[in-house]
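Novice: Have a look at the structure that comes next, please.
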């Protein structure tokens with residue numbers, strides 16, 4: 001039997017059974033589209049992700065220790081999506097969202113939908129309904145660890161219910177994945193870290209909610225606080241490191257560092273200076289920073305203040321950095337070295 005005729009017959013049968021478009025050639029011109037992205041609020045992280053930001057129509061996981069900047073990063077993504085006219089929602093399972101801080105990061109509270117569900121099932125049902133609507137561009141679930149199953153809430157404190165949350169997440173993600181892709185909605189799950197008992201070799205760290213999220217996520221970001229930023233004796237922010245642990249859309253394992261300033265969020269000006277020095281756009285001589293023979297200031301903080309007062313020079317540096325994104329990405333990959341986080345498994 002001729003293979004071409006057999007294939008045509010099979011394709012016709014599939015289309016009769018499941019509708020036109022249920023199977024197609026991947027290279028058909030009208031079907032191939034670029035993946036839409038949402039900027040993260042961090043220029044270096046956008047470059048490290050390889051596609052200019054976080055992908056729409058995919059699941060993203062942001063995890064790390066307490067007070068490392070997980071929610072801050074998610075709120076920056078919401079603010080960037082809103083700037084582009086997107087509709088965003090925030091499922092606050094932890095009941096801990098600070099609207100004043102969110103506004104300072106640039107979030108438009110008037111157009112942000114928020115839900116504070118009582119149970120994990122309720123949170124995931126609301127998530128599914130919003131995703132299926134096709135009207136939401138970015139949806140954040142904060143956090144997976146706070147998605148408490150109804151059986152656990154109704155039970156006694158001492159009840160042992162092993163694997164209940166993992167089963168809940170596994171079922172929810174099976175249902176959500178196709179809807180997320182069809183609606184082109186990005187769902188960001190914020191997750192916490194736990195320690196595995198009795199681990200002799202490798203990292204004892206793991207994330208909550210079982211393994212399903214590791215499989216379904218297209219991008220996984222490990223965010224850590226690596227130091228403090230001081231203004232004289234007062235701590236005014238955190239030095240933060242983000243590692244792209246998994247990336248289905250570009251090479252993973254790139255690592256970036258940026259500042260998170262209390263009450264302001266990610267310091268864009270600090271990134272412009274750091275990345276500029278790496279690529280050679282900003283010159284550093286001793287403690288002095290300069291750009292195109294124009295002195296920016298002595299010391300990093302003075303250089304940041306100069307860029308704050310001269311927005312046109314900051315815009316010039318940002319444009320030059322975006323034009324050198326490929327070079328920066330290679331450097332970020334080299335800087336990541338061979339450090340492993342949670343085995344760096346790409347699942």
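Positions of Cβ are set from backbone N, Cα and C atoms, glycine also.
Straight out of Swiss-Prot:
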- 64, 65, 66, 67, 68, 69, 70, 71: ATP binding site (BINDING)
Novice: Taking 8 Å from the centroid of the Cβ atoms of 64, 65, 66, 67, 68, 69, 70, 71 as the cut-off, which other residues in that chain fall inside it around the ATP site?
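Specialist: Filtered neighbour residues, in order: 223, 225.
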Novice: Count the Cβ atoms, other than its own, that fall within 10 Å of the Cβ of residue 69 (ATP binding site), considering every protein chain shown.
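Specialist: By my count, 24.
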Novice: Given the binding-site residues 64, 65, 67, 68, which one has the fewest other C-beta atoms within 10 angstroms of its C-beta?
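Specialist: Selected from the binding-site residues 64, 65, 67, 68 on minimum Cβ neighbours within 10 Å: 67.
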Novice: State which of the following binding-site residues has the fewest other Cβ atoms within 10 Å around its Cβ: 66, 70, 71.
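Specialist: 66, out of the binding-site residues 66, 70, 71, has the fewest neighbouring Cβ atoms within 10 Å.
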Novice: How would DSSP class residue 71 (ATP binding site) in three states?
Specialist: helix
